[in-house]
Amino acid sequence: MCNRNTSLTDPTADFVLSDLLTATEDLIDFTINVFDTIRLQSHFNDRNRRVNLASQLKDALDAQKTEFGTIEIPIKPCTVTTTLKYDLSLYLDRILQSCKRTKANLMLLRVSRTRSTNTTLLLVASTNVRVEQLNKKVQLLTRLVKENGGEFQTKKKKKKKILSNTKLDEKNRSEWTLDYPPLFAHFEYGLSKLAYYFDPAMLDINNLNYASEKTKLFQRLSVIGSEIILVFAIFSLLKTMQIGRKNHDIPMPIIQMLFALSLLANFGLIIVDHIHFQYNGFLLGILLISISCMYQNQYLMSAIWFSTLLNLKHIFLYIAPAYIVYLFYSFCIKQSPNGKRFIINLITLGIATLVPFVLSFGPFILMNQLPQVLSRLFPFKRGLCHAYWAPNIWAVYNVVDKALAIIGRYTHLFSVRSVSVSMTSGLVQDIEHQVLPSITPTMTFILTFIFMIPSLIRLFRYCSKRTFLETVILCALTSFLFGWHVHEKAILISIIPLSLLAFDSREHARYFLLLSTFGGFSLFPLIFTGPEIPIKIGLFIAYTTFLFYILGEVHGDRGSTFTLPLLNRFETLSVVLLAPLCLYVECLHTVLHIDRILPFLPLLLISIYCSIFIIYCWIRLHRIEAHSEDELTAIESTVKFSGRWNKKQKNKSD
């Protein structure tokens, strides 16, 4: 009988697994080399040989589809009119994906400790058969290429043209495909003109993973330079919103200086932009400019800025419902004395919104490439969660499903579905849950919209600028918690706008501190190399201490022996417990060699712990919104009652 509690300690099994993994890696490398060789082949001039090879490839594809039916990779059928190079590339692509999947399964099998030795060896044997089948496929392809090898064109011009097309094909098949809207590509194109003067080699399409010192310098300078937009947005907001005007103990210029410093030195922006290298500060600066225009009643300019932002990064669709409701009510309804004016305002707003989209997507529409662009912008096949789970509802959902699956296997209380890919494999791919219902993109969209509705109704009912800003924050946070394939950096879309209220509202300051702390800590896995660990920890502690100190001073709460400024004991404890969690994930997990058994555990712990308190902040912010709504209703009732009372007294006097 096999004992389920027996760990995988048989040296024979370990040797077999190690040898099998090495063979699989060699197979993958060999496939990649063959793949690169095929790309340099020109199409066949002899039509008969091409027809013969197309028929052989079709038979091989059909056989492979039968053997690997579980791998769902769309493949176009090989026809006579299709170039041979493209068909061979597709065929090799399928083999390469199969090899990668085999390697991933073997890695998961290697770290498994819940299976018996006999069971493990049986799984190894079955996997070995699969690798042998893959090897046969590669041998078949090699033979086909050798027997029907193409010849290079004799004319140099044609040869250069073929090589040029090959380079474009390599570009199209690069692992780093462009998943930003077209307007961001224009921004990158502008940067490339300056990059030429630093290091022209970085502009070579085939120069993948190139990282010279001049290239790094240019990239860092481009991030810093682009954040001029953020600086301009901060000064515009300070002038428009008059942040700090409600505080009578500290001069307003000092509060505004602290506010500007808290944004420019934001830990999340430093981690994501200046270390991980992205342009979120530039994009968030455009968002703040749009909000500033809204506060100045420049509705059309606000719409244009936000529409431009959507064409730079479509992740800001999260907050589009708040813009739609507020602009429709404030510009189309409130500023329309009659139906004719309403139609004019509506058309004007629509044109202002559509112009950036026409400029951005127009060329792709004319070239009939819009579906391809949209498929890259919305890759629903990437799965519910990112490789590193963002701290949201679905991280908790995944852990609950995993726990129920373990319980179900040992207790047989409920059925556990078998899945081909583990959700903790750290791979970007679609996954299925084993016990709980699997989540689809449509379900996440419906849930996100449902939880947005209360905020949108309140915005339409009390259409004020403060309500608009609160709705933007809640829409961003709701999408972060319930959205499909959410990235961890998306939490910045909630944190940055919330900072606009933190210096004038004590309650908003409280949850801004919590959201900044847990949202910032959730970004730790982005920076994972050893030398950078003390840097990110030091930056996090310094920025968090700075926020607690300045907001405690601004709102007159310096904390006590058992509480941090503005927080209660429960919230203080949750922040303090980040210290032992950080110690474990950054140090003890590796020192104790747990990373060999449970490599995904640090990411899971960070996601789960941070998600609990981000959900807590989301709930509390909704309660603040509801409380403000009650206050507004009370004020309206008081005003109406006062008006009726004055009218009654006036009638009596008459």
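Using the three backbone atoms N, Cα and C, a Cβ is placed for every residue, glycine included.
Under the heading transmembrane segment, TrEMBL lists 217-238 (among others). Outside the transmembrane segment (217-238) by six or more residues, the chain places 191, 194-195, 198-199, 202, 256, 259-260, 263-264, 273-274, 277-279, 281-282, 284-289, 291-292, 295, 500 with a CB less than 8 A from a CB of the stretch.
The annotation transmembrane segment is assigned in TrEMBL to 250-272 (among others). Non-local neighbours of the transmembrane segment (250-272) in the same chain are 227, 230-231, 234-235, 238, 242-244, 278, 280-281, 284, 489, 491-492, 495-496, 499, 503, 516, 519-520, 523, 526-527, 536, 539-540, 543-544, 546-547, 550, 553-554; each lies 6+ residues outside the stretch with a CB under 8 Å from one of its CB atoms.
If you look up TrEMBL, you'll see 279-297 (among others) marked as transmembrane segment.
Residues or ranges marked as transmembrane segment by TrEMBL: 303-330 (among others).
Annotated transmembrane segment per TrEMBL: 342-366 (among others), in sequence order.
Per TrEMBL, the feature transmembrane segment maps to 442-460 (among others).
Here TrEMBL flags 512-529 (among others) as transmembrane segment.
Taken from TrEMBL, the feature transmembrane segment covers 535-552 (among others).
What TrEMBL records for 573-594 (among others) is transmembrane segment. Under 8 Å from some Cβ of the transmembrane segment (573-594) lie the Cβ atoms of residues 514, 517-518, 521, 524, 533, 537, 564, 567, 601-602, 605-606, 609, 613, all in the same chain and six or more residues away from its ends.
Marked as transmembrane segment by TrEMBL: 600-619 (among others).
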Checklist entry - Hey, which of 303-330, 512-529, 535-552 has the most Cβ-Cβ pairs under 8 Å against the transmembrane segment (600-619)? => result 512-529
Next on the checklist: Below 8 angstroms Cβ to Cβ, which residues of this chain, lying six or more residues outside the transmembrane segment (342-366), approach it?
Outcome noted: 181-183, 299-300, 303-304, 307-308, 310-311, 327-328, 331-333, 335-336, 372-373
